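Report on one structure; see the data block that follows.
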């Protein structure tokens, strides 16, 4: 018991010390920093709890253990103590309150552009997760990237996220917390990078065979570099076609790709009436195979009603400038 | 039906081929062994058709130990695969199947049956009853659990294992992304086992409410009985949600409905909500009885009554109530908005308050006590610091905003292992060492027990402590590999080494059972720990009718006070009366088998065959409805003989601990 206690108490300070080189404790932007501050605040209180309980535990077990000398000692009848019980109900309540207030504040703050950046105009990037890649569309710039995303430093980035396949989670730990991407729904996440730099992002929500490698790079650039990059992409990158896009959505691993238009022209997966791009045949693996089902709203069906309806649906939520070259199918 | 025989058995993997051969040989060996020893009749009459709660409990525990082995092998394979970066020991599909089955088996087929097994053995004895309220239903519960567990376990050699995680999130677990039948096993096998669990819940609620012996009011019940009672209520409240969710999953996968799909207006978030509406109470369904076990063990070995009994009871009720309103904390990251996340952050953190109360009550039970450090007590002692670590990291995870950085990382995985292993596994080990003599009439070896303890506890800490740090450094759960550049390698290696020590601890535990069965002293007291509750007032192993004369309870810790005042310990001939006991029945095992067969056909989507087997289920129900067997009466002579046999020798036994 003592041995275990020693090893545990030895490890805990290590948590604080080695915190210096863990990504969650090295925030690279205001969003991640606000979470790190919250975590540090909770660590102080939790450490207090650990010290008190471990101390009390060690003391009691050591003092009242059975020894040859106390064989005849008969413990007293004792049923409790109202005072003590009020104390150890009351103190945890106070600790919980101390943790709740900053938690709720941070929860609300994270829904908006971070403090000090409200004035700066955010850049909107659409994130579409698919098996097993990340697709980033810049509607204002009219470009699209796969498995990497360039952002300007010191400017809030509003990620509008959805999924073309399963439920996935968009996480760039150096810049902020994560949020799920879900088909036919849109979630939003603000991130800001303090400085130019490269940060790793990844999916954290398990989604099948290719899950472990579903990563992307976030490259924060100065505004000038970013504008230069956008211009270069517009000039040099190929155009994405819908056929090619269907190929992209197959369950594969892809390297980096860049296009000088966006798939939002023909489908926004966040739209509840958008076509489903699923194809169970591509997911056949080993083992006994079950029956699969034809879906009415699948992209392979040539059902003009569904597609036209979807086109109209999309136009009203796309205030961005890609409305001009928007077409049905 | 178009059976695809070439896809029937899983082929092409040496690990699985080895398992297939091993399973075949074990089965042949078992059948041959039983035939050679002419034990079929014994097995059938004494075990397979029994309705005795103690034997059913033991069968639960045996199944749980086997499932612990299976789930543990899965865990070791995962640790081996991630020991080094970019290992090629398992491919991603195999790894996905293994972490899925590891989770399902450990929670539903190891933790649950282990605890339900102990409840079965102990609860009727603790409340001074001769059996549970519905003995035959109890047997049915066991056989349905067993049937579900076996159906789930064959998936890795026949048909393919489920591979969508133990949470089985949609749309991934739907036919759109998992067209193989692996996830049918999840839907159907858990459904069958779940029906059994639900019946257990009902059975124990009625047993505890209606069958307590004279004088045992609710506030005089032992703590393990209290926790079992509250757990049973939680089972009845939560399991129907899972039943419905699994039924909808089955419709989606087998018949093309759209409850959770991407297409056709399905809603994947609905599954996550339904799953955790069951899944979070489920955590407390396994944790609460474990808290009860610790309460019994700590009180006994401190030689003191439980400190703050009333506040213990209220904190259990508080935890149970809160456990139903925290489920969203499993997906703060789903974007429900800050108001919802704030609400669930607060309810989740609030659970820490009653749990803290319990923790301090346990500590103060030991204060001023005389703490006897036996194997059972060691588990209860180690529980305190380890569970505190699980608890404080739980509070950290409960803070919605902070969770955005912990969610789905190894920090989370480390946290719930720090809760479930000390909170459940330590408890069942404590309970097993504690009640083993009551079940079998001999003790588990204390010396081997200490080896078991130290290896297991050190191994556990070395395995899971590094995962906190890995998680904070960005390592995600369920990833079958990681890059060398990530810098995760040393801690993953440390964790893998820890898992070997942990496994060695388990091996020593199995050896302890073997050693004790062969060599342990059979001549022991019926109350070897100088314990406090009624189960220790009767013989070890307990006679099939439990108590010749039902005890009368006047206070908490009734047996302790009976011993102190020296009353109610002896039995006069005049007090013996005939005892009415239930008869054995073949219906429960028949139902288990037929449910298993029907489930198997359903998994393979052979609907006609499943429907035919379904007729067998109705046949069983009808047979049971016309069963007028009223049980039998134990004659006075027989009671007299049995009681004399153990009461006479009681004075001259080897007293092991006191």
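Here the Cβ of each residue, glycine as well, is placed from N, Cα and C on the backbone.
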To which of the residue ranges B:283-301, B:530-548 does TrEMBL assign the term transmembrane segment?
B:283-301
Could you check which of B:160-184, B:185-209 is flagged in TrEMBL as transmembrane segment?
B:185-209
Can you work out which residues elsewhere in the same chain, 6+ from the ends of the transmembrane segment (B:608-626), have a Cβ less than 8 Å from its Cβ atoms?
1, 136, 587, 590-591, 594-595, 597-599, 601-602
What same-chain residues lie close to the transmembrane segment (B:376-402): Cβ under 8 Å, and 6 or more beyond its ends?
294, 297-298, 301, 329, 332, 338, 341-342, 344-345, 348-349, 351-352, 355-356, 359, 362-363, 411-412, 414-423, 426-427, 429-431, 433-434, 449-450, 453, 457, 460-461, 468, 529
Can you work out which residues elsewhere in the same chain, 6+ from the ends of the transmembrane segment (B:344-364), have a Cβ less than 8 Å from its Cβ atoms?
291, 294-295, 298, 306-308, 311-312, 314-316, 318-319, 322-323, 325-329, 332, 380, 384, 387-388, 391, 394-395, 398-400
Given the cut-off of 8 Å on Cβ pairs that are 6 or more apart in sequence, determine whether the transmembrane segment (B:185-209) and the transmembrane segment (B:313-332) share at least 3 such pairs.
no
Under 8 Å, at least three CB pairs between the transmembrane segment (B:491-514) and the transmembrane segment (B:58-78) (pairs 6 or more apart)?
yes
Report, as numbers and ranges, which residues of the same chain sit near the transmembrane segment (B:137-158): CB under 8 Å and 6 or more residues beyond its ends.
8-10, 16, 19-20, 23, 49-51, 53, 56, 59-60, 63, 67, 70, 97, 101, 104-105, 108-109, 112-113, 116, 120, 131, 182, 185-186, 188-197, 199-200, 202-203, 585, 587-589, 591-593, 595-596, 599-600, 603
Please give the average pLDDT for the domain 'Cytochrome oxidase subunit I profile' (B:38-554) in this predicted model.
95
